[in-house]
Every structure is written in structure tokens, then in C-alpha cells.
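What TrEMBL says about this protein:
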- 16-145: domain 'EamA' (DOMAIN)
- 45-65: transmembrane segment (TRANSMEM)
- 72-91: transmembrane segment (TRANSMEM)
- 103-122: transmembrane segment (TRANSMEM)
- 134-154: transmembrane segment (TRANSMEM)
- 157-292: domain 'EamA' (DOMAIN)
- 160-180: transmembrane segment (TRANSMEM)
- 192-210: transmembrane segment (TRANSMEM)
- 222-242: transmembrane segment (TRANSMEM)
- 254-271: transmembrane segment (TRANSMEM)
- 277-298: transmembrane segment (TRANSMEM)
Amino acid sequence: MARSSERAIAGGLLLANLAVAGSALFWGTLWWPMRQLAARGVDGPWVAVLTFATPVLFLLPVAFWRRRHFRSGGWLLIGTGLLIGTSSMLYADGVLVGEIVRVLLLFYLMPVWSVLFERLIIGTPVTPTRFGTIALGLVGMVVLMGFENGFPFPRSLGDWFGLASGVCWALGIVLVRLGGPTGAFEKTYAQFAGALLAGLLLMPLILSPVPPFPVNAITDHWLWLLAIAAFWLIPTAGLSLWGAGQLSPVRSALLLMFEVPVGVISSVLLTDEPFGLREMIGGALIVGAAVLDVLLVPQEAEPAKEQKA
């Protein structure tokens, strides 16, 4: 019985790892269909809003049918949805208005914030290795930003969106672990709804005055919106949130970093955005911070939490 239980736990952890890593492959190319919509005349902020509005509307009947599960999730589910949804929208807006590689790498400072939030909320000790994680990640950000314009702060709106996206995601994933056995659908739908709300609130920061609602996006490009929802957002968000609920925030952060090579390679092949020595060194330091934390900090096996159907 004990061995059978151990095998079940190991199998659950393997599936959780594969789910998070697999979702990262799709997140790494999410920028491409969104930029295709923008290239067809849809204003950037509306691209991101419509991208998340589509699954919110498409899944609304299911959400209504499962409304009692949403009520059982309580305020933690609402907080998780708002944080991870805001992260998703910041990332989406970031890759539309900024350089893809920079937004990606700044988002993936996430392990630095995960270490801090684990300490503040869960009480996980900050070991010397984890201090090294923070230092390595921040040095990577400094290299990526450079000193041409003074102190190496993010230098564009896209940079700030990428950085803020990682902070929101790290905090949201900690709340996922505190929120109990809420189903993957509820977490996913809360993320989409949170992203939609965040997108509407962020729109004046990107374009002022706010452009009118793009009716042509619905009438002429509805297939693009359905494709983004069906092949990118719905399956990948569900996989990443379900998997992250079974794993530590830092381990989830590392697995999600499969998105980095996917995003970098796809942007180098499909755009003319700069990618040079600075991006390579800064990116290596940022990625190395997460690798250092996971490989050198002992990770205890975590029994899989049941997901309520």
C-alpha cells in the first residue's frame, strides 16, 4: 500500500511538471497571433482585451453551471484571478508595445519575487542560496537594462509591463497554493476574467485617448480570436494553473521558463527586434537565478492536492 501510494504521488508530480512545462511552450508563442491581429489594424490594447474577452464569453455558460465551485473558492480565488489575470494582461500588453525578449526576461525575474513572497506569506526561510538567487536575478536585470540612461531601470512601457507581470504572477501562484482544492477550471476562468478587467483599466496607459471599440475585429477577424482562445489560452492556462497548484512556486517558475527559449527563438526568427550580447548575458543570469534556486535548494516531495471536479 505504501509503495502504491508513493507511486501515485510520484505520478501526480510528474503530470504536474509536464503540465507546467508544456503550457510554457504555448505561452512562448502567444505574442505571434496577437501581433497578427495588431498588424491587421486592430489597436494594440484592444487586441489584448479581445484576446481574453473571447474565452470569458465562450466559457461563461460553463462558469454559470459551476457557480457553486466559484463561491467555495472565496476571496482567495478572487485574489488569485485578479493577480494572475493582471499578470497575463501586463505580459500580453508588454509583448505588443515592447521588445519580446526583454519583456520575457523581465517577466522571468519571477523566481526572485517568489522567494520573497514565500518568505512573507508562507514563512519559507531565505537561505544563503536563495539570497544568491535574488542577487543573480537582479544582476541579470541590471545587465539587460544597461547604464546608458543612468540607473538601470526598465526603459520603456513594455519593460515595466514585463517586470510587473512577473511580480503579479509570483504572488498569484503563492495564493494558488493557499487557496485549497479549487478546480482548475475555476482558477483558469478567474484568470481570464481578471485579465479582462485589468486590460480595460490599463488601456488609458497605453493609448490616450482610448481608441473606439474595433468592430472590425469581431466581424473580420473572429477566426483569429477563436484560434487564440482554443489553441493558446484555454488549454495552456488550465495546464499551468493546475500544475502550479501541485508544485512549489519556485519549481513552477523554473518549469515555466521553458517559455524563454521558445519565445527568444520565435522572436529572432519572426521579427527584426534586437538580440545581442547584452540580452544573452542578462538572460543567462536571470535564467541561472531560477536554476540555482531549484537545483541547490532541497525540494521536498509535495503530495498532489486533489482537484475537485
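Yeah, the Cβs are placed from backbone N, Cα and C, and that goes for glycine too.
Annotations in TrEMBL come from automatic prediction, not curation.
Taking DSSP states H, G and I as helix and E and B as strand, the domain 'EamA' (16-145) has 112 helix, 0 strand, 18 coil. Recorded stretches compared: 72-91, 103-122, 192-210, 222-242, 254-271; the one with the most Cβ pairs under 8 Å to the transmembrane segment (160-180) is 72-91. When Cβ distances are compared across the two stretches, the transmembrane segment (192-210) makes no contact with the transmembrane segment (254-271), since fewer than 3 pairs at least 6 residues apart fall below 8 angstroms. For the transmembrane segment (103-122), same-chain residues at least 6 beyond its ends with a Cβ under 8 Å from one of its own Cβ atoms are 28, 91, 94-95, 130, 133-134, 137-138, 140-141, 144, 154, 158-159, 161-163, 165-167, 169-171, 173-174, 177-178, 248-250, 253-254, 256-257, 259-260, 263-264, 279, 282-283, 286-287, 289-290, 293.
Long-range neighbours of the transmembrane segment (72-91) within the same chain, counting only residues 6 or more positions beyond its ends whose Cβ lies under 8 Å from a Cβ of the stretch, are 48, 52, 103, 107, 161-162, 164-169, 171-173, 175-176, 178-180, 182, 186-187, 189-199, 202, 237, 241. Averaged over the domain 'EamA' (157-292), the predicted model reaches a pLDDT of 84.
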